[in-house]
Amino acid sequence: MPASLPRLALIHTGGTIASRPSPDGRGLTPQTPPALPGLEGVQVSEHQPFNLPSPHVTPAHMQQLAHLIEQLAGGHDAVVVTHGTDTLEETAFFLHLCLPAGLPVVLTGSMRHAEEVSWDGPGNLLDAAQVALCPQTAGRGPLVVFGGDIFDARTVTKVHTSAVDAFGGYPGPIGRIDRTAAGPQVHYFARPEPRPTFRPVTLERRVEILYAYAGWQGEGYAGALERADGLVIAALGTGNLPPELLPLIAATDKPVVLATRTHAGPILPVYGYAGGGATLVEAGAIPASFLNAHKARLLLLVLLNLGASREDIRRVFTQGVF
């Protein structure tokens, strides 16, 4: 092929998009990477650093993927990553934190496997490739494309366990790709934003998540705090907890980040009762801004592995510049 053609790196990591029923009849397993359909005039190189169902993906795999993308960046114009949907949003956010915004990186997957008549893999893969190669995508950092919608890695989340349009996230998509007789049309509804890049060398620190509920008295807190270098609590509403948690948080020097178990909205420390967000922040808790608990965990993990102090961590979360 002529060297002047656009160069796309297609990275396969497993997931439903690569799955088929196993020969032993025990369910779906990642098998064959999907083919990229209908993309002409593009040089495509394929890579497969691992082939895993996404519940098996760890931050170490995410870092491995980030390193591979950095290696490919000099010889390619864009990167597409196929990934299982269960942890796709976490990998997307990790890449968002750790990769510079310049190289377009798009993640996608499927909710149906290759032997179903409603397989959504080829369409999502083609959409992702066309979005990645679109000039307007440069400078936006890693994105998620699913069902024609384009999502920011910071806000995208899986909102349905089985529906084909499984991804959403407040305040919604930042763009859309549609196919017309004139070719694919990519439209963005938001402009790129400057952001820092975090580049941890290792991921040796440990961060755990606890989930708040009515009547929680801190069960599991002490053990998690002993094992981990930091905690994220999926708190109630705008960042509130039962009163029993207030003295526990006040007693630790380790970072405790408050996200919300609610599906959208920021942490707002406005309540002054025992366990209200204002009292928790006064006791040392760190509001997670608009990040959900599993993304707050990744940001905290990255910051801890960079040697950030608790006040440095508070500053990053509070300013919301990530």
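Quick reminder: no glycine exception, Cβ is built from N, Cα and C everywhere.
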Listed in Swiss-Prot for the substrate site shared with T85, D86, one of S54, S110:
S54
Here are some recorded positions: T16, S54, T85. Which one has the most Cβ atoms within 10 Å of its Cβ?
T16
Three-state secondary structure, which DSSP defines for S54 (substrate binding site):
helix
S54, T85, D86 excluded, remaining Cβ within 8 Å of their centroid (substrate):
G15, T16, P53, P55, H83, G84, T87, L88, G109, K158
Within the chain of D86 (substrate binding site), which residues six or more apart in sequence place their C-beta under 8 angstroms from its C-beta?
P53, S54, P55, K158
